[in-house]
Ligand code: VAL
């Protein structure tokens with residue numbers, strides 16, 4: 001069977017941006033930044049995106065394009081009879097962990113969307129406000145599971161239809177819509193009383209936060225998560241790309257777009273967080289409490305909320321399909337399964353794992369696998385802060401040290417000039433050193 005391919009480079013770009021821009025930029029970025037001091041976190045995050053993220057993004061896509069195989073098969077093709085294929089296992093494991101909780105949170109977004117359709121959330125519930133409404137919803141057994149199942153079903157259907165067309169099209173419309181809505185929301189949020197405090201929180205780094213080792217690993221994990229890096233999604237998407245498409249501009253474009261969405265969501269969330277006296281360290285529920293409070297105050301806020309949660313659900317969907325694609329492609333090759341069989345089995349396993357995540361907000365709220373982290377936070381920590389960076393480290397070592405320099409440069413479409421040499425030096429030396437240092441210091 002001929003390997004599937006993207007129609008055009010634009011198609012690939014849109015799919016890769018669709019993968020990158022998702023709950024990570026809005027939901028995860030806000031609460032991780034909120035928990036890690038705001039400004040100092042943002043600064044570190046930006047440094048990591050540019051020095052580590054974008055160079056590795058280019059690297060990851062190029063490995064897939066060169067090998068034309070799944071995340072494990074690619075390393076086996078490029079480095080036969082060596083242990084480099086283990087790099088791919090980090091990707092597959094991360095994909096399983098991440099989509100399991102991602103689908104739960106995306107289910108929350110769907111639930112919010114529907115509550116805006118019915119008008120339920122136009123106004124805060126008299127008792128407990130949005131905080132109470134959200135807490136009440138996620139702590140139930142069946143309700144959140146239903147929404148998560150619905151989201152996972154949609155994801156599976158798109159992946160097994162093999163139609164990137166549909167999602168390419170949807171992204172073309174909804175990414176600009178999401179961007180537009182975020183810009184309007186940021187404008188509104190900034191006009192609230194007390195907004196300046198939020199701006200200061202986000203843009204005036206409290207330098208003392210930098211003495212905390214955990215902020216480095218958190219910022220690194222966020223850069224990987226948000227760029228869809230190290231989970232094999234970009235590698236797998238790259239494998240559907242023909243050799244004549246140039247990569248460097250695509251990688252920079254994807255990285256910049258993703259960063260734009262993160263910064264603009266910061267501008268929406270933090271002014272409002274301070275204006276409504278919400279605790280910035282509220283963790284994963286943060287945006288689900290803050291956003292409805294903004295919409296409630298805004299003229300035509302109900303409509304804005306409806307559009308926003310619709311666009312957010314779609315952004316989550318275009319990210320989720322890229323994660324599901326990773327093990328789906330791997331099992332298709334490994335067991336000779338059809339696309340349909342592979343995606344249904346993998347997706348169902350992930351949904352099953354997600355049940356634990358969801359119940360971690362209800363009857364298993366006191367289950368804390370790591371430190372005082374609940375089930376979602378624990379899975380997220382292992383995947384985002386450990387597996388993704390380790391996969392990235394291994395990938396950098398592979399291209400920097402296993403490949404000869406001309407091979408590495410050719411793989412990413414760079415020449416032996418300034419750009420080529422900067423990229424090469426980053427991937428060969430700086431990226432591995434930075435990741436190792438951050439790891440060691442975070443363990444201490
Ligand atoms: N990068 C996406 C996001 O930020 C997913 C694939 C993790 O939501």
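Numbering starts at 1 and runs along the chain as it is shown here.
From the backbone N, Cα and C atoms, a Cβ is placed for every residue, glycine too.
Where the annotation comes from TrEMBL, it is an automatic prediction and has not been curated.
Note that the coordinates shown come from a computational prediction; the quantities given were computed from them, not determined experimentally.
Summarising the annotation, TrEMBL assigns transmembrane segment to 12-30 (among others). Beyond its flanks by at least six residues, the transmembrane segment (12-30) meets 6, 61, 102, 105-106, 109, 164, 167-168, 171-172, 175, 178, 182, 222, 225-228, 233-234, 237, 240-241, 245, 250, 253-255, 257-258, 261-262, 265-266, 269-270, 284, 286-288, 290, 312, 315-316, 318-323, 380 of its own chain at Cβ-Cβ distances under 8 Å.
Annotated transmembrane segment per TrEMBL: 42-63 (among others), in sequence order.
Positions annotated as transmembrane segment by TrEMBL: 84-111 (among others). Here the transmembrane segment (84-111) has Cβ contacts under 8 Å with residues 22-23, 27, 70-76, 78, 134, 137-138, 143-152, 155, 225, 230-233, 235, 284, 288, 309, 312-313, 316-317, 319-320, 323-324, 326-327, 330, 349-351, 353-354, 356-358, 376, 379-380, 382-384, 387-388, 390-391, 394-395, 398, 402 of the same chain, all six or more residues outside its ends.
Residues or ranges marked as transmembrane segment in TrEMBL: 145-163 (among others). With a cut-off of 8 Å between Cβ atoms, the residues of this chain six or more beyond the transmembrane segment (145-163) that come close are 4, 99, 103-104, 106-108, 110-111, 313, 316-317, 320-321, 324-325, 328, 339-340, 343-344, 347-348, 350-351, 354-355, 358.
The annotation transmembrane segment is assigned in TrEMBL to 175-195 (among others). Panel annotation: around the transmembrane segment (175-195), residues 14, 17-18, 21, 26, 260-261, 264-265, 267-269, 271-272, 274-276, 294, 297-298, 304, 307-308, 311-312, 314-315 of the same chain, lying at least six beyond its termini, place a Cβ under 8 Å from a Cβ of the stretch.
Per TrEMBL, transmembrane segment is recorded for 215-238 (among others).
According to TrEMBL, the transmembrane segment annotation covers 250-278 (among others). Tertiary proximity for the transmembrane segment (250-278) is limited to same-chain residues at least six positions away from its ends with a CB under 8 Å from its CB atoms, namely 9, 12-13, 16-17, 20-21, 24-26, 29-30, 33-34, 38, 42, 45-46, 49-50, 53-54, 57-58, 61, 178-179, 182-183, 185-186, 189-190, 192-199, 201-202, 226-227, 286-287, 289-291, 293-294.
Residues or ranges marked as transmembrane segment in TrEMBL: 298-324 (among others). Under 8 Å from some Cβ of the transmembrane segment (298-324) lie the Cβ atoms of residues 15-16, 18-26, 95, 98-99, 102-103, 105-106, 109-110, 112-113, 116-117, 119, 121-122, 151-152, 154-156, 158-159, 167, 170-171, 174-175, 177-178, 181, 184-185, 188, 228, 231, 233-234, 236-237, 291-292, 343, 346-347, 350, all in the same chain and six or more residues away from its ends.
Per TrEMBL, transmembrane segment is recorded for 344-365 (among others).
Residues annotated as transmembrane segment in TrEMBL: 385-404 (among others).
Packing against the transmembrane segment (425-443) from elsewhere in the chain are residues 48, 51-52, 55-56, 59, 213-214, 216-217, 220, 385, 389-390, 392-393, 396-397, 399-401, 408: each is 6 or more residues past its ends and has a CB under 8 Å from a CB in it. The annotation transmembrane segment is assigned in TrEMBL to 425-443 (among others).
Long-range contacts of the transmembrane segment (42-63) within its own chain (CB-CB distance under 8 A, at least 6 residues past either end) are made by residues 16, 33, 74-75, 78, 202-203, 205, 210, 215-216, 219-220, 222-224, 226-227, 229-230, 234-235, 237-238, 241, 247-248, 250-252, 254-255, 258-259, 262-263, 266, 392, 395-396, 398-399, 411-413, 423, 426-427, 430-431, 434-435.
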